[in-house]
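If you look up TrEMBL, you'll see 37-128, 133-228, 239-322, 327-400, 406-493, 498-592 marked as domain 'Ig-like'. The domain 'Fibronectin type-III' annotation in TrEMBL covers 599-697, 699-799, 804-901. The region 'Disordered' feature in TrEMBL is assigned to 883-908.
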Amino acid sequence: ICTAGSTKPVWKGSARICFPSLAVWCHAQSSTRNYGPVFEEQPVHTLFPEGSAEEKVTLACRARASPPATYRWKMNGTEIKMEPDSRYRLVAGDLVISNPVKAKDAGSYQCVASNSRGTVVSREASLRFGFLQEFSAEERDPVKITEGWGVMFACSPPPHYPGLSYRWLLNEFPNFIPADGRRFVSQTTGNLYIAKTEASDLGNYSCFATSHIDFITKSVFSKFSRLSLAAEDARQYAPSIKARFPADTYALAGQMVTLECFAFGNPVPRIKWRKLDGSQSSKWIGSEPLLQIQDVDFEDEGTYECEAENIKGRDTYQGRIIIQAQPEWLEVIADTEADIGSDLRWSCAAASWLPNGIRNRIEVSGGELRFSKLVLEDSGMYQCVAENKHGTVYASAELTVQALAPDFRLNPVKRLIPAARSGKVIIPCQPRAAPKATVLWTKGTELLINSSRVTITTDGTLILQNISKSDEGKYTCFAENFMGKANSTGILSVRDATKITLAPSSADINVGENLTLQCHASHDPTMDLTFTWSLDDFPIDFDKSEGHYRRASVKEAIGDLSIFNTQLKHSGRYTCTAQTVVDSASESATLTVRGPPGPPGGVVVRDISDTTVQLSWSRGFDNHSPIARYIVEARTLLSPKWKQMRTNPVNIEGNAETAQVVNLIPWMDYEFRVLASNILGVGEPSLPSSKIRTKEVPVPTCWSGKAGSHHAWGQLVISLSPTLRDYQNGDGFGYILSFRKKGTHGWLTARVPHAESLHYVYRNESIGPYTPFEVKIKAYNRKGEGPESLTAIVYSAEEEPKVAPFRVMAKAVLSSEMDVSWEPVEQGDMTGVLLGYEIRYWKDGDKEEAADRVRTAGLVTSAHVTGLNPNTKYHVSVRAYNRAGTGPPSPSTNVTTTKPPPTRPPGNISWTFSGSTVSIKWDPVVAKADESAVTGYKMLYRQDSHSAPTLYLASKSRIDIPVPEDFTHAFVQIRVTGPGGDGIPAEVHILRNSGTSMMVEDSVTRPVPHAVIITTNSLVMVALISYLEL
């Protein structure tokens, strides 16, 4: 419904134009701006739950208007009467319905807002009632199916509005069936689908339906249906699609579309989606049984396919998505002010509008409202309505017809009008007037008329040309209409013209060079002068030039332009413009920038063979420097980086537009591109050619993979190294294996049909452990077979060693280490490749299962074991091992580690200098009962912190050390040594003085660098070649 004031609307088809009430308004007589109603809030579609605790429904309506609007409401096109005892009442503009009832209140509502300026009607809003009834109380039939087959349970939901969400219960609440690849619950029908039944599916099933209305949720569930399974059918079968989306799915633009697809099959099928007439959109979400497309638009319209696939086959289903839309304005009307007596056309464009009739001076045609000779009574509110089955849209606007006497207060003639000598000046005359005013111009008392130098345009603008000093003076514009008259005056002042005195010169430079274009000008000294530059008529923005453009001078009359690090894009026509507020002058120059060639175009590949192709291309821009030669590059899927290719001819001259590419790999996908070069460098590459594949050839070379054995009992496993795509030379690539037990005559053959195969397994229970086989391999493809490889020896699975090492001996070394040695096993007794030996050792009293283990590699027959506990008895055994595991243990032997060294460091250290010798003494260290005996002492002597240390060994608690004459100080560390190892050191700092001194310091332990050990008389000389820790 479309009304304005009390006037009835006129409409035809799907477009309606509303005419206003006869409201009159004269701008010149009103100081307060009144306007018609404009909706700020309109009613929206409302869903009311049946049985809700809420006792009312509110439909909102609020309009901005001056004077304020009054409101009324319509239901299904009939005005609602607001009686005192009615369930309907108005709160401001809102309609409040008390105790809503579906039978009386469900329908379509509209708000009507009115004031003295006119009336507008809101969009329609529906009031509906939501409900969900209970499931049928009838018992549901049991379902029996063979285990491994698919099954469907029908939900058959009860009457409801709006839609529901569905889940299924198994046996009891809340044991809901999860959505996995094997089971699927359709949110369209509520049905449960199981692609392949399993033993765990036995039980009772109930459909659980939930309604969501605003913040109210209601759920109901059906009677249970029993599922029982017959004996399992393990046969596999191809997919069969059972849950299908509609053949035609209609959707509104902007909404989400959901398509469902689910299939039975064994194994459980995988679901894939594709759009047959387009590519996958980034708006696709979800996967497998559901395809959801967010915010659909017309690009998403088309045919979609669901594919269900397993190893036994595939099944497909197709359907269309058809996008529709609610009405949308292409052009809407807006508030308009128009002069009295003028004509007006208002456009309100929407799809499928039909012509309307004619009413007096107003004509409606094709969505256009036409007024002829407006009168004040045409002022008011107008509405345009467009609708289709998906909705209705409204557009409202107010027309104000004006009647005004001429008024220059907003747009007076400019008081001071400067103009350049010999130039042109334009003086507008734009009074506010309705209807349009008649305009006259005078200079002083002289009435101006059109001449060779004077022009008065139809809109009242005065144009003076070829200005001279005599044109200075007062110019007055007179405006008049039937409402009144007015005038406005300005003074014309003539100034000197602006001239270019030094114009820019054309130039020719190379890429990367710098240049300055000169531009000087003269002008009237009473005015400011500015310079602007443009390139090919586009203004140069110095702030966005990335440092390429700068002004070369700050002087007012100089506008030189400096160009730095010129690029090809800087070529063109540069225009310098010197400008004042009254005139301007311009001069231009051409800059040519030479650089590497541009990209060649149109790379075409033809004459494709197995190792060559013929390329052709078109010349690109030479960028003002002749092309010297071309380079061809290519890339493949396996090597995505572009690489230069060999060509025929080897050097492609700059005037060529074709070349042959050679040395390509057969049966390989290639893309090609071409680059041009000149004396200034290599240019940008062409666009890649279309992708091509070279032709197939038989495998040309002997197979280059490796053969080896795998560990599995009763079988021979031949390992393969996958052949790269580059070397397959054709489709249908695979291997032919020939093998036989070493020493036999007949060959067995096998075909491995896939290039990516990693091994071939030959099973035979008669194959003994570590049996040698001779193996030959050759490759083949669709074009033929390649030559056979050399014979390789491959062994069957190994067995653990059957023989143990013997004569195992263990000897304690220090307090935490021991040496273990043994006699090796005989190689002839091995059932595999001997990898080494495993030493197991455990404390006396512990079980052998808790033993620590150390492994050797290769054929060594001794090992050094560390990390033992001091003064502890250990049991030791040795085993051989190979890839299959460890062999039997040797007889165990025993060893007891020594006691630890004394923990107390030497004390009371003193020293005495005698010429070139220093004598150092200390108190002897006596071992405790749980410590090993002291057999001597070690002393580390260092001249300073940077010199190499020297190690001295002493059997007693003193030592004499030679020192140089200029000796001043030294650092000394002393510790005990014995069968249990070295003790904790004591460290002193020795200083030369006039007498005997003694100094005792706390012991420290620190690593020292390589040391030289010296002995004299009772000292032993030892060379240390590794770090010694004291």
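Quick reminder: no glycine exception, Cβ is built from N, Cα and C everywhere.
All TrEMBL annotations are machine predictions without curation.
Mapped onto DSSP classes, the domain 'Fibronectin type-III' (599-697) shows 0 helix, 43 strand, 56 coil. With respect to Cβ pairs under 8 Å, the domain 'Ig-like' (327-400) is most closely packed against 406-493, considering the stretches 133-228, 406-493, 498-592, 599-697. Taken residue by residue, the region 'Disordered' (883-908) breaks down under DSSP into 0 helix, 8 strand, 18 coil. Per-stretch counts of Cβ pairs under 8 Å to the domain 'Ig-like' (239-322) identify 133-228 as the leading one among 133-228, 406-493, 498-592, 599-697. Secondary structure of the domain 'Ig-like' (133-228) per DSSP, as helix, strand and coil residue counts: 3 helix, 43 strand, 50 coil.
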